[in-house]
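Undergrad: These came from Swiss-Prot, pasted as-is:
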BINDING   564, 568, 666, 670  Zn(2+) binding site
């Protein structure tokens, strides 16, 4: 019986546990404290600090199954996914590591035992080939003398371009630092067992597949050509789970292993295509795995950084779904299949299934329309090509207008043997950046043009007034030594209680003053790592190095704090009522109200709004103490602190606790207890984009003012209705019924009146080659009635063109109707175009009916004659 992928994963860990290794869980796909990587792309990433000597390991030997993603930089497999049998965006890396414990001999023996012993993987020894670095004689001898691999199956790999240590079999972390030779184990898929080192090196037909790489970290690279021995030597190994599964399940393509076949069969059920080897099935199966795990690690689709990688993968999958005829939203429905096939690795997905599905569904809904439209334009442009090269300008237009990542466009072109002019694509991209910079000039004049490599100590968490020193003054973006009365500028201090606009919270206002000088702070913003106080000097003058008082407007700050703490309560409550799959998409905290945007596909009803308000106000009445702590980022994550973890945080973060109800990373200012908020009231709930909801709310006195205002509205309405406030609902219901009945009577009267008009205007019918043309001019007639007349005439007549004109105050409106049997050669929209072109009017519509209007009424008689001639010509063509 073949081993399942889940069993292979468990056997690997069991083997190394028996060999004294500590089993370490996979780290996140988002590398911790490593700005050099977008995503974790190897098992060793989480041990990088240990290999660099910056940190000591708690265990001398460990083993992991690491979730990895390769979609950018040196390791970018995205464009190959689906087209080859071995490439994936997401994969699992099996790895064992030694930190100054065992070295070459033991590492090789462990690998050989696991791969070849009957107890474990039981791969025939003669199916395995070995590569070693040309100068690593020690490793060669271990394979040859101890493991007994014939010398013909041990291939020495040299340096590229005669450059020392530049070899496939010499690993290095960077230009300098830990490095060392590696040995790779290959599986031979051939049945011939022919020993041919040349064929091995060329590997044109994919006969040999690398399954395990063992790196011997024994040197420290000082320069390009100089390396020295490390005191503590380490082992770093990596074996792709998908590749070893293909070997042990006796299939060549990774997409034929159990995990992918189950996924592909589920995808095929949504499509009319029966070929399970179809490239699109492979792409979608790969991409749903990567997207699920990326979102599980708190990355959301966006237009930059990790979020854009996620968006690119999603959109590539959606395009392949479209290609195989899946028109409805489908991608999010595959998440449950991924959880099912991934075994224990799928547990992290199970916890966040609803969130993953919602994020994918929203992204799919937002992109589906532009995908259809963009593909039509791309295919149209491809048809025009005569040199097999798509203009980079077109590729950029698709990216800029329809959100087509360049690799999506490249994917379509690849299928049609079309190349993209990447040079002109980059030029178009650069040009747009330049234009964008011009558009931002005003903003830059007030922010980015002031560049300071300095810091400012923020004391606003505990103080509202501070004695500060003036370090810099800017007026009109120029650094000056002083600012005088009535001048506007930006003042920078050594320390301040002013909170700078950040994290959705607006900046403080207040005053900087000393003696008879006073600077009114109207806005506070960040400039790099320092804080700028923007405003106007209202008296005296302020000079560099002056000592002054910086004093925030305490009422203004207090109102902001109420709204910020309420925002945290709202966020936690939304997750409680609507599900923890909701994701914050933006927020604004001001002194007058708060705004919170979040992803949610369904509508939110009144009862849910009331539940949200009730829970928040209960927490307010409970007068909970709000605490803040500075924690290590990993500690914060363990406490399940809510955060946008795709953001760049430092190693130490500030966490705001409202008991266990709300735990959130936040640098903003908050009230001391929830009771200070007083009252929370939602004033509006709306959709701001597909799948994005917005709630606006008020707190404290503003909430009371809002309720008073509503109360006054109700009293005013009761006066108008001449009833008590408790009877408003019943009185309104009766008035509504009465109004509807009156509207029905009006429509009946209009129909009678229209019938009389129709009898009159039918006398104006003229015939052109058997087709009726009915024209009539009305004066001060209701537009709605005209539409009813046109609809009625179209139902009663055949072979008829109707043109009704209504003149009001020297302006005209016009309705054109054409019966269906004439639409092949005469349309209402074409007639309307002729009218508005002659009168400089405006209009639009469809083939059967069109509406428009204008001011040039004098031209109407001659235009009607022109239309008659045009109709005559069209009927002649018929």
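Backbone N, Cα and C define each Cβ position, glycine as well.
Quick one: how deep are these features, and who are their neighbours?
TA: Less than 8 angstroms from the CB of residue 568 (Zn(2+) binding site) sit 656, 658, 662, 664, 666, 670, each of them six or more residues away in the same chain.
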Undergrad: Going by DSSP, is residue 568 (Zn(2+) binding site) part of a helix, a strand, or coil?
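TA: Where residue 568 (Zn(2+) binding site) sits, the three-state DSSP reduction gives helix.
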Undergrad: Of all the binding-site residues given, 564, 670, which residue's CB has the most CB neighbours within 10 A?
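TA: It comes out as 564.
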Undergrad: What is the number of other Cβ atoms found within 10 Å of the Cβ of residue 666 (Zn(2+) binding site)?
TA: 23
